[in-house]
């Protein structure tokens, strides 16, 4: 992601990513000392049908520098425009660095700089420059003067960790969260909300210009969140062995998967969520629960997930443990349920994998049915511990309403919904069209989607289990039955966006309209460029502030085929 943002910033600023002399000096003085880089070259050409063997996004993005001169950023042979490369390792042990506060030649890891933050880049990094080189710091607002330590050096840009804000910007407002200096969550809360909205709208527009190649993108005004605080309906908390030997329960330090701080207050979840966390912490210490260590893979209790849905008021609580060795589980569940009538379900899930994720396989229900329900635009959706629901229910309704409006349905259409999850959008579209078909790769999500269709009495929706790219290929080649002839295609992919072969197949279906629901403006811009190559044009895009005080942006884009 940072590589993609670096390209975007360099194209916007139109600066040489690194002066030639400095580049030669850096290469000469550091040759042989940089860690090995995983190189993933990309094919430069492919057959007409991408599924016949060509890979995606063949050419690396090019940075516009001096007139008549271009330079790839970073090296073309190893650059992935959506940041899928593994992050290089640390410098070799024993390497000595001398901290410095002024440029004395090539930039190195552990160098110290005093930086003035110029802007916030897409993704929330603070953007500064040193001798023409872009530096992305993990914290800071435009106008701040910060002290930062370099943590990563690439060709033309670097990353840094902010050590202190030595001269705060005049626009700063006091943070409402006491953990703002250590937490990686709502890092933008010290920027006034109206400025956050203006920044995000501008970032969408600039991203479409510089990465999507759209000269004048039709960006509508950003839709603000109805409630900028306490809007999250789901939070995941981590256990960790504390410094005192007792189990800690809280959130991760910014940028650290193996460090946890105990949460005393938080501006994102409901008050009931924080009450459940406090009670669980007390029980864990009293019962001697052994907290899991994500690096040593020792211990038992791993995560606590609380889903408190505002539109129905129902709350589900899910403990994730490595093994069934948690004393006093039933008593804990009774205590949690006694906190509020809103607590509908309490379960424990078991996950002994090394993956540091708050999911589980086997599940035991300790209280209630094991699920919770939410209502969105008049439909009811049921969610278990591993199910996906948008974590801002009220703003999700606005997002889904915009997607429905973008489709401009008349009632007789066929709609294909790719990456449909538990069928939320599929079922909402089914109410307004003749037939809706959802495609989803996760089996549990497909089961939930079918259950949600039955729960809401919707008979004109069907769901296909499979990866979207494979299903589209099989339909195109006649290898799978039930291929629809969609008038509208809806795509709601993960942050990585669409594979080019999915774009190819969607264009091949020749629908009247494509509705793209995006959680990453950078990959949206890239995919719009791919659609344009197949004869599609962007009609409009609407940004949504789904997660206030964070850098994340959701968008709904409407595409139509260009006239021949």
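Note that Cβ sites are derived from N, Cα and C of the backbone, with glycine treated the same way.
Marked as active site, nucleophile by TrEMBL: 519. According to DSSP, residue 519 (active site, nucleophile) is assigned to coil rather than to any helix or strand.
Packing around residue 519 (active site, nucleophile) is summarised by its Cβ count: 19 other Cβ atoms lie within 10 angstroms of its Cβ, all protein chains included. Sequence annotations record features per position, and here TrEMBL assigns active site to 519.
The S-adenosyl-L-methionine binding site annotation in TrEMBL covers 390, 419, 440, 492. In the shown protein chains, 26 other C-beta atoms lie within 10 A of the C-beta of residue 440 (S-adenosyl-L-methionine binding site).
Residues annotated as compositional bias 'Basic and acidic residues' in TrEMBL: 31-41.
The feature domain 'TRAM' is assigned by TrEMBL to 106-164.
The annotation region 'Disordered' is assigned in TrEMBL to 15-86.
Counting only the Cα atoms, the space from residue 390 (S-adenosyl-L-methionine binding site) to residue 519 (active site, nucleophile) is about 11 angstrom. Remark: residue 419 (S-adenosyl-L-methionine binding site) has 439, 440, 468, 491, 492, 493, 494 as non-local neighbours, by Cβ distance under 8 Å and separation of at least 6 in sequence. For the S-adenosyl-L-methionine site, whose annotated binding residues are 390, 419, 440, 492, the maximal Cα to Cα separation is 16 Å. The S-adenosyl-L-methionine site, placed at the center of the C-beta atoms of 390, 419, 440, 492, has further neighbours from the same chain whose C-beta lies within 8 angstroms: 388, 417, 420, 421, 424, 425, 493, 517.
A coil conformation is recorded for residue 390 (S-adenosyl-L-methionine binding site) in the three-state DSSP classification, outside any helix or strand. Counting every protein chain shown, 20 other Cβ atoms lie within 10 Å of the Cβ of residue 390 (S-adenosyl-L-methionine binding site).
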